[in-house]
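Here's the structure, in C-alpha cells; my notes come after.
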C-alpha cells in the first residue's frame, strides 16, 4: 500500500507533490508536539496512578480539580496584566510612567472620605493574624482589594492607559473566557454521555460485555468494581420493578404519595428559609458590630467577622444531611433520587452566597438621611463598599480552605487510626470515610463560584484560589490513599465529567447576577476605586464611547438600538430552529439505522435456521 501511494505521489505535478508532502510532514510535527505536550501536563503521573488504583470515576474528580487550577491561573494572569501591573508601574514611576487622578464632580465632600483601618503604633502579633484572616488592617489598602485602584489613567511614555475601562473589560473577559472554556469541555462530555443514553437492553449488554474498567489494578479497587457492576445491575432491575409498581398504582396511592411529596417539599423550603434567614441576620449583625469591637478582644473580633462564613459552612453541612434523609420517603426512582438530592445541595450552597450578598447590599443601600442619599449608599458604614464585599469573599474562601484542611487532619486521620487499631464493633461498623466524588466536587464548585464573584472586588483572588486548589489536590490525594476508601456506588467518568461541568456552569451563571447588579445598578463608591468619578461602574462605557469619532459612535449606537436587536434576535431564532430540526433528522436516521441492525440480526438468524434445516 505504501509503495502504491509513493508511486502515485511521483506521478503528481511538482506543486501538488510538494503540497501533499508538506501536509504529511506538518501533521507529523503536530502529532509529535501534541504527544510532547501531554508529558508537560500538570499532575499527569499522579492522576494516571489515581485512575489505575481507584478507577476513572475518582480520576475525573482530580482532572476536574486540575482544570480549575489552570482556569484560575489564566484568570489571575489576565487581571494582573491589565489591572494590577499598570497600577503598580504608574504609581512607582517605572518606565518613566505617571498617573492622573480625576476628582469626582458634583459630589458632596463627605462622600469622598475613606480612611482604611490601618494599624497605628505598637501592634500585637495576633492583630496581624486577624488582618491576614479577615483581609482588614494592613491588607485593606493593598493590591489585593478594589480600594487600592484609584488611578483614572496611567501614562507610559506617550501612551494613555484607561484603567477604569480596562478594569471593566478584564472582568468581562475572565467571565467570557470561563464560559467558553466550560462549554468547550462540557460539549465533549455531552457527546460521551449521549453514547450511554441507550435503551435498557443495550444498557444490560454494555454492563455485561463492556462494563469492566481496565484502568483498575489494585485488588481492593477490583473487588469494589465487581460489587459496583453488581450494584448497577441490581439498580436497573430495581428501577424496572419500581416502574411496574408505579404503573400499577391506584388513585388512592397516587394521592398519598403526592401529598407526602408536597409535605416534604414544604419541609425542604422551610429548611432553606431557615438557612437564608440565619445568614441574613448574622451578616447584618457582623457588619454592624465588626467595626465596634475593640482590638484588644482578639477572639471576639475575629469571631464576629467570621460569623457569616461559619453559619454558611454550617448550613452547607446540615441541609444536605436533612435532604438525604427526606428523599427516602418521596418514592422516586433511584437515579432521579440522586440527581434531585444533588441539585438541592447545589442550590443551597450557591443560594447561601446570594443571600450573603443580598444582606450586604441591603446594608449598603440603606439610607435614612439626606447626606446618605446624596452619596447613593451608606457612606458611614461602607465608605468603600466594594472592598467590604471583597473582604467577605476573601473570608469565605479562606474559611472554606481551613475547613477542608481541618476535616482531613482532625476527622479523617483519627478515624483511620481508630478503624485500624481499634477492634470495637461500633468503630468497625462506622468504617473508613468514603471518598464521595459528588460531595467533593460540590465543595470546589462552591469555592469557584466565590472566586468568580469576588474577582471584581478583589482582583488577586484568582491567585489565592490557584494556590488553594493546588494544595487541596495533594490534601485530597493523601486523604484518598491513606485515610479514605472509594465510594461503594461510584459513577461513570463520562457522565460525572459532564455533570461536574454543568453544575460549574450553573455556578458561573449565578455569579453573573450579583456582578451585573454591582456593575450596573448599585452606585460606585466615591471615595475609592477606579469608578469613583462615575455614578455606576457601567457608566465608564458610554463615557468612553463619547470620545470616539462620530461615525464609530453612530455604528455602536445602531448596534445597541432596537432596530438592530430585533432582526438579530430573529436570525438567531431561525438558526436555532434549523439546528433543532437538523438534530431531529439525525435522531430519526439513528433510529432507522438501529432498526436496520435489528432486522439484519433477524435475517442472520433466519438464514442460520434455513441452513441448519437444509443440512438436516
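Yeah, the Cβs are placed from backbone N, Cα and C, and that goes for glycine too.
Those TrEMBL annotations? Automatic predictions, nothing curated.
Database features, via TrEMBL:
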type	residues	note
DOMAIN	384-494	domain 'TMC'
TRANSMEM	67-89	transmembrane segment
TRANSMEM	165-183	transmembrane segment
TRANSMEM	258-280	transmembrane segment
TRANSMEM	306-329	transmembrane segment
TRANSMEM	341-361	transmembrane segment
TRANSMEM	393-411	transmembrane segment
TRANSMEM	450-475	transmembrane segment
TRANSMEM	498-522	transmembrane segment
TRANSMEM	534-552	transmembrane segment
TRANSMEM	564-585	transmembrane segment
Stretch contact, the transmembrane segment (67-89) with the transmembrane segment (450-475), Cβ-Cβ under 8 Å, 3+ pairs: yes
Distant-in-sequence neighbours of the transmembrane segment (534-552), which means Cβ under 8 A and at least six residues beyond its ends: 162, 164-165, 168, 376, 518-524
Stretch contact, the transmembrane segment (498-522) with the transmembrane segment (393-411), Cβ-Cβ under 8 Å, 3+ pairs: no
Whether the transmembrane segment (258-280) meets the transmembrane segment (450-475): three or more C-beta pairs under 8 angstroms: no
Most Cβ pairs under 8 Å with the transmembrane segment (393-411), selected from 306-329, 341-361, 450-475: 450-475
